[in-house]
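Presented below is the structure to which this report refers.
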């Protein structure tokens, strides 16, 4: 249960007693966030049966059963069940895979209980507990610091800041649950646990955001309602007319049921589910886990990607990129903590031994340092604070000698007031005080500078030159660390630094991930805007944007967002804008403003601060490796490799999925329109039933369903990713699609009628079988037209989708069995056909293949 922040102060270094802790735990509850209630297996399975089309199918099965058509009822319910099982398997697999990633918070923490140190489960921590922390620990609750020694805390999960924050045990100094200690040690009193923590309060923001419905779900839902209402109206109208004209009621009910079954594309829900499931499975192989089947398809419609900076666009590993010394400037190659790389000046590569000024700076950088690198196989691991780790890596790249063991004698620790730290080390018979820190602070205590080996007094001109070089680095988004040293004859640690020789400074940055620049360019060529939203400074954010060729015409901060009205914010989003110094509520407001512009918004993130916006966005994309539980719970897609390029791959897959869904929806509806036309026209003629409900189900489920699934496997066309994102209002059928559906429906309906009445003198069973065969094979022949409404098969390749040919062979083979195999003859009420019947039917199929191809070839030639 949530609780208010505790009034405990830092006056109880012995900690609570076990009895006090137990009483408090009973009162406030465990130190745990209120878990998002994940659906049970039964709930996941049940939600597969709530679609309008599924309900229509269940109703049709009920009617068939009431009429004694048990086989029809079983057939319909079988497809409903298959659809449910397919959807359940994919969604439950995603939920269980996500559960395996739930490892955000530590399971144990070190506290003072009963006057002694104890390791306890983090769930048992209560307000008033004294918690002990050291480098590498995750902060288990909100703490007020009572002691802090060179403490640096990574708060990026809450703030988005890429640099660790220095913390001291002063009034109101608090560290928060979920953050990490990267250097130093600390002791603090718990002030809040569970949902009452800052972590928990941000997580609460996600609770007020409702369940999302994707555009595809809305379109298919609307289509299902339209089809369902049409089926009901036509069936009722036909049944009523038949009864009024004296037709037998049972026969009219059977005709009405046949019409209803013909209108409703029974295979559509299952085909959509299979296509989305296959797409989701393909994305897992590309390191993206879709928590909902529609997530990848919706990504294909994205118009804007709002992305965090740290860890998403950047590597989240500090890297020394530039060096300035009194004798010259240098650049360093490589990224992260892998020492592969080198240092160069404007002419050539340089090592520490080649340039005395560079060697002196690297020596100080290594001595004034607590980080270390550890190699494990081909991987390098940094242990310590990121800035110091970057300096150690730089020393390796410059081939600087490592400090001798135990060479450090004493240390002046870093503090937020001094903004520098110093280490006294022995060098031969001398003692050298090495210092590093903020450039202004190091320059303030420096009186000397060495140029070309000559030590001279540091004058105002030289100081101005140093400050100009520092400001130039800072404007490029680099974090600048300055170095200085002072040689003395004894091992006495001075009270403060002074009379030092200024050595230079190093510019550090969290570099962009190598693959991101290309992915951003690809997204922009696909008509998708990229908006960076970060908690970092505007200068740093702009510098990263420039490195990634991300256009920025305006930089806004969280304060600007607070000052803007909704209209002003929406107007600002029409520009190439970048957001810095943002908070969770700012991110959510940005997403809402974009959605008010009818944008389909993708939001990426990994921290608790990203969770509300992840849930608000049309598609929330969380990081699987460094993401928090809260972020992953709020997301629709989890990147298993934390790679921005994976988002672009998912967008490409989503566009392929949507295009293929349009193809088989049009194909299935064209099949159904032909069936409806044949049945309705035959009813008006007054002839015997042209199709039985069982035969229509055989076409719609067994043969069309298999063919439609194969259409869903069509490869992406070259222009898919180059097209602008589709509009929210774009219909799934479209004018050309609707015209094609009607055209094929008229031809296949009339062809089936002609065959039926031509063969009718040979008996109803034979005539019905011939018409049944004509309709089925006509639908198989028409599938080539639906592979593309604009490109002929000669261009996309007749055999580029081998699964389609396999599906056609299987469908035709199954139908041949239905015509000649006695068990299926009994079920489908068919009889054998002669070769003359087959010749007549096959001739009718030729126009279905030739005419659309000729039309597309002519159209393509004129467009060229």
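FYI, residue positions are counted from 1 along the chain as it appears here.
Just so it is clear, glycine is given a Cβ too, placed from its N, Cα and C backbone atoms.
Since we're looking at a predicted model, the values are computed, not measured.
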Range annotated as transmembrane segment in TrEMBL, from 183-216, 251-284, 285-318: 251-284
Correct range for transmembrane segment (source TrEMBL, candidates 73-89, 90-106, 107-123): 73-89
TrEMBL annotation of transmembrane segment - which of the ranges 44-67, 140-163 it falls on: 44-67
Cβ contacts the transmembrane segment (227-245)/the transmembrane segment (44-67), at least three under 8 Å, sequence gap 6 or more: yes
For the domain 'Cation-transporting P-type ATPase N-terminal' (6-69), mean pLDDT (0 to 100): 73
Intrachain neighbours beyond the transmembrane segment (732-757), with Cβ under 8 angstroms and 6 or more residues off its ends: 219-220, 223, 661-662, 665-666, 669-678, 681-682, 687, 690, 767-768, 770-771, 774-775, 778-779, 782, 785-786, 789, 840-841, 844, 847-848, 852
